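This is the structure I have questions about; it appears just below.
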Amino acid sequence: MEIYGMVTGKAGKSGYGSASTAEDVTHSIDAKHLTAIITGGTSGIGLEAARVLGMRGAHVIIAARNTKAANDSKEMILQMYPNARIDCLQLDLSSIKSVRSFIHQFLALNVPLNILINNAGVMFCPFQLSEDGIESQFATNHIGHFLLTNLLLDKMKSSARESGIEGRIVNLSSIAHTYTYTEGIMFDYINDPDRYSEKKAYGQSKLANLLHSNALSRKLQEEGVNITINSVHPGLITTNLFRHSGLGMAVLKAMSFFLWKNIPQGAATTCYVALHPDLKGVTGKYFTDCNVTTPSNFAIDTTLADKLWDFSIKLVDSLP
């Protein structure tokens, strides 16, 4: 049924489907009272999400490694919507030091935080270690976002408490989370080049995004905090993430042309989960084409989620 919906664009229970765009799913939503951080908001899905949230009135903070690209994105959005509120801050998610620096920069703005969209990522990279000695896909896609989210939680909690507005965290996962290592997360061999598979390492990092969402969702519910966190699969979209994918991906794309989305369609699920009023109180879910769907067995394994949480905490605490 999911494949049928992807091919035909038929709407699901939410009223939206694979053919829906980010503008479609946010139609008539007024976001002027909201502040959102979007990581990687300089191209592809992230840029489209920044544009649409800015169009709907949200104060958007583009967090990006390349400050020139971020400012170019800001100028593009302002040319389209002169009254949009867009700020840019430097953030390299592969660097723990950069994440901590970003937090100081953001808190200095003295603004609330209602929405965090963990969008940035790398894909199918040849093996390399980050400056902190962590395999690059795991470092950028999971550890950087894990630390960023944890360090922003107090601000999100106070914003939700003072405004009465539900905070929302959106983790960009992927259907690729189903293609990972045999054990799901290869805890003992994350940084082992001999066991490295660029595609399985990507799948592992996307599984980690889902496990992070589910673990944090449970913790926030236990605290009674007015913040939700959900994961999304944006669909198959040609973005610069595919720069390391090579001939095999080109062949796959040619064979499955009817499944691929354009960027406005690819950003729809992100914007739907971030803004739509129908999702008030919905947390710990996995969305595809703006509808709740079922992830892999690994993704709903609470023991694995807790193990990853503890592993991630110990890892970031061990770094300056």
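From the backbone N, Cα and C atoms, a Cβ is placed for every residue, glycine too.
Taken from Swiss-Prot, the feature NADP(+) binding site covers Gly40, Gly41, Thr42, Ser43, Gly44, Ile45, Gly46, Asp92, Leu93, Asn119, Thr140, and the record attributes it to similarity to another entry. Taken from Swiss-Prot, the feature substrate binding site applies to Ser174. If you look up Swiss-Prot, you'll see Tyr196 marked as active site, proton acceptor, on the strength of similarity to another entry. Taken from Swiss-Prot, the feature region 'Interaction with calmodulin' covers 301-317, and the record attributes it to similarity to another entry.
Quick one: where do these features end up spatially?
For the recorded site, Leu93 (NADP(+) binding site), the DSSP three-state label reads coil. A C-beta separation below 8 Å, combined with a sequence spacing of at least six in one chain, links Leu93 (NADP(+) binding site) to Thr39, Arg65, Val99, Ala120, Ala139, Thr140, Asn141, Gly144, His145, Leu148.
DSSP classifies Ser174 (substrate binding site) as coil under the three-state reduction.
A simple way to gauge crowding: the CB of Tyr196 (active site, proton acceptor) has 19 other CB atoms within 10 angstroms, across all the protein chains here. Taken residue by residue with DSSP, Tyr196 (active site, proton acceptor) is part of neither helix nor strand, so it is coil.
When the region 'Interaction with calmodulin' (301-317) is classified with DSSP, helix, strand and coil residues number 16 helix, 0 strand, 1 coil.
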Please list, in sequence order, the residues in the chain of Gly40 (NADP(+) binding site) that are at least six apart in sequence and whose C-beta is under 8 Å away from its C-beta.
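Residues satisfying the criterion: Gly46, Ala63, Ala64, Asn119, Ala120, Gly121.
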Return the maximum Cα to Cα distance in Å (whole number) over the record's NADP(+)-binding residues: Gly40, Gly41, Thr42, Ser43, Gly44, Ile45, Gly46, Asp92, Leu93, Asn119, Thr140.
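Across Gly40, Gly41, Thr42, Ser43, Gly44, Ile45, Gly46, Asp92, Leu93, Asn119, Thr140, the two farthest Cα atoms sit 18 Å apart.
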Neighbour count, 10 Å Cβ-Cβ cut-off, for Gly44 (NADP(+) binding site): what number do you get?
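By my count, 21.
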Over the region 'Interaction with calmodulin' (301-317), what is the model's average pLDDT?
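That region's mean pLDDT is 99.
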